[in-house]
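> According to TrEMBL, the feature region 'Disordered' maps to 1-34. The transmembrane segment annotation in TrEMBL covers 50-73, 85-106, 132-150, 209-229, 256-277.
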Amino acid sequence: MEGKEEDVRLGANKFSERQPIGTSAQTDKDYKEPPPAPLFEPGELKSWSFWRAGIAEFIATFLFLYITVLTVMGVSRSRSKCSTVGIQGIAWAFGGSIFALVYSTAGISGGHINPAVTFGLFLARKLSLTRAVFYIVMQTLGAIVGAGVVKGFQKNQYELLGGGANVVNHGYTKGDGLGAEIVGTFVLVYTVFSATDAKRNARDSHVPILAPLPIGFAVFLVHLATIPITGTGINPARSLGAAIIYNKDRAWNDHWIFWVGPFIGAALAALYHQIVIRAIPFKTRD
């Protein structure tokens, strides 16, 4: 009996009376804030991993445009939306492709596939300016090629149906379009920060987190909300690639919205996460 009583006593005292949860569970023993990425890192240019990451961003953005613009064309060419996947299907094409492509490239480049995401992570000092510029260039080139391949498949239909280019739809003002792009990109980039937060992974390591899933789901939800307003940009590379290949005045009239809006939204998400959620400026340093 004495042995059993000892076992019970040890079991009862093995853990503290009340386990801390949330941010109070975080200690310096299991997590250290990583240092900010340098603004310029010339040594990156000599590393194959740097160039490999850029190629991965190019291929991922190419595939992203190929899948999504083809889906948009399929819906647009049908007289009856009931015979196609509809707006919900378009949203799933964007969200699902982001889920698959981020999952496939996250270990190589981080799986940005979006200049707005890259910009937000750069503002948070998660990557250098050198890498950020390189990523944005490769994303843009991949988007152009992806849209170009779709046009090569169905040139006449592509031009007749708008080429998947983002425009502010009838009934909405430029301000409406800009606001929708800002909020939509904020949702996406905020989700990216939350899903890839190293501190959260260290604190909640017992909870498996598949980062591409919430990111893809955020893209899906934003498309459901924003397709009626702007067709949903929230990705300057996607908007530019479709606009260049379509190349009609309609695609360029409001094109600035699809750069300014996403970059503002990304910046706000980065500031919110770093200052409010993580409170990094207010942390005491040893």
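Every residue, even glycine, has its Cβ placed from backbone N, Cα and C.
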> Which range out of 50-73, 85-106, 209-229, 256-277 gives the transmembrane segment (132-150) the most CB pairs under 8 Å?
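Going through each listed stretch, the top one turns out to be 50-73.
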> Please identify the stretch among 50-73, 85-106, 256-277 with the greatest number of Cβ pairs below 8 Å relative to the transmembrane segment (209-229).
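Looking at each of 50-73, 85-106, 256-277 in turn, the most contacts to the transmembrane segment (209-229) are made by 85-106.
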> Grab the same-chain neighbours of the transmembrane segment (85-106) for me: Cβ-Cβ under 8 Å, and only residues 6 or more beyond its ends, written as numbers and ranges.
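Hits for the transmembrane segment (85-106): 56-57, 59-60, 63-64, 67-68, 71-72, 74-75, 113, 210-213, 215-221, 223-224, 227-228, 232.
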